[in-house]
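Enquirer: One structure follows; several queries about it will come next.
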Amino acid sequence: MKTRKEKTGFRIPDLSRAAGPISSIVAIAVGLMIGFIILLISNPARALEGFAWIIGGGINSAKDLGNVLYYATPIIMTGLSVAFAFRTSLFNIGASGQFIVGALGAVLVGVKCTFLGSFQWVVGLLAAMVFGAVWALIPGLLKAYNNVNEVISCIMTNYIGMYLVNWIVKSTVYHQLTNRSLPVANEANIPKLGLDKLFPGSSINGGFIIAVLICIFAYILLNKTTFGFELKACGYNRFASRYAGISEKRSIIMAMVISGAMAGIGGGLLYLAGSGKYINVEDVLAPEGFTGISVALLGMSHPIGTLFAGLFIAYITVGGSYMQLAGFVPEIIDIITATVIYFAAFALIMRNLLQRFRLRKGGERT
């Protein structure tokens with residue numbers, strides 16, 4: 001940890017690097033504390049038991065731990081999608097639409113392209129990536145060439161994508177009795193890669209490993225390449241970037257396309273997981289996209305932080321599913337989860353407060 005030497009001989013720790021993780025941990029702790037208070041109000045006699053399930057339910061068995069990884073996979077990808085756009089000063093609130101459009105691409109390949117054999121799941125994920133990228137290209141072009149606020153255009157594409165997917169599913173891969181898409185072929189399911197033996201009974205598959213690798217790739221792309229530097233520089237100061245010869249329009253479009261591709265892959269990883277997941281034909285936006293916003297905020301828009309944030313949200317979700325054993329109604333689980341996410345959304349504010357506190361203390365000692 002860097003330090004700064006003062007005239008008095010004391011060294012003031014530089015908390016700028018640690019402020020992000022610390023603020024996220026504080027936000028999680030406060031959120032869990034509020035959740036415990038809600039449990040006390042609801043059922044004081046069994047509040048401690050219910051809270052214990054939240055804290056330890058995710059590691060109650062190998063199956064539960066495997067399901068944590070399974071549930072984390074899609075929200076890690078949507079969180080990474082939002083975080084990648086955040087790092088380039090864009091707010092990709094359209095991850096929900098890109099997620100379900102990407103899922104459509106994966107399901108179409110998974111149902112129709114059985115001739116691909118063992119490569120079907122690979123092509124399905126590539127289709128999900130392309131579908132998500134193309135859907136994010138629309139707000140990217142509007143932002144780059146017409147300066148249309150990406151939040152507005154992304155909200156519009158969310159709903160357009162939802163209705164478009166419903167229409168295409170009904171026209172191509174529709175199962176009338178269940179009002180959802182047809183099941184994908186067995187060859188389209190992502191291989192387990194031995195994870196089903198480590199976590200027997202869970203829905204875990206190789207998709208989690210793919211998500212981890214993409215997080216690492218995103219970190220390298222943003223922090224170790226010239227291309228990533230250009231994307232971030234354009235986001236920080238467009239005028240200075242333009243003066244330095246960086247194409248503003250290209251950076252905006254590429255940032256949105258890559259962000260959309262990540263969300264699309266998330267849809268592919270979920271619907272090709274071999275866990276009996278189908279695209280339901282209903283007028284409801286995919287919740288994974290909005291959970292991704294919370295994951296990105298909790299992870300401080302850092303690719304690796306997003307990975308751990310997704311794991312945490314999945315962990316409390318799996319643990320919360322056991323709360324009914326303590327006599328709590330299922331709605332309590334949603335309230336607690338929402339409370340934690342709500343406070344996690346203020347992690348960035350907490351980080352800024354920590355940095356201001358450090359600067360104030362430093363000014364007093366100089």
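Including glycine, each Cβ sits where the backbone N, Cα and C put it.
Bear in mind that the values here come from a model prediction, so they are computed numbers and not experimental data.
Taken from TrEMBL, the feature transmembrane segment applies to 21-41, 68-86, 93-112, 118-138, 203-222, 252-273, 293-316, 328-350.
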Enquirer: Between the stretches 21-41, 68-86, 203-222, 252-273, 293-316, which one has more Cβ pairs under 8 Å with the transmembrane segment (118-138) than any other?
Expert: 252-273
Enquirer: Please work out which recorded stretch in 93-112, 203-222, 252-273, 293-316 has the most C-beta pairs separated by under 8 angstroms from the transmembrane segment (21-41)?
Expert: 293-316
Enquirer: Under 8 Å between C-beta atoms and at least six residues away from its ends: which parts of the chain pack against the transmembrane segment (93-112)?
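Expert: Sequence-remote neighbours of the transmembrane segment (93-112) are 74, 77-78, 81-82, 120-121, 123-125, 127-132, 134-136, 139, 150-151, 153-155, 157-162, 164-165, 168-169, 172-173, 181-185, 188, 259-260, 263-268, 270-272, 278-279, 285-290, 292-293.
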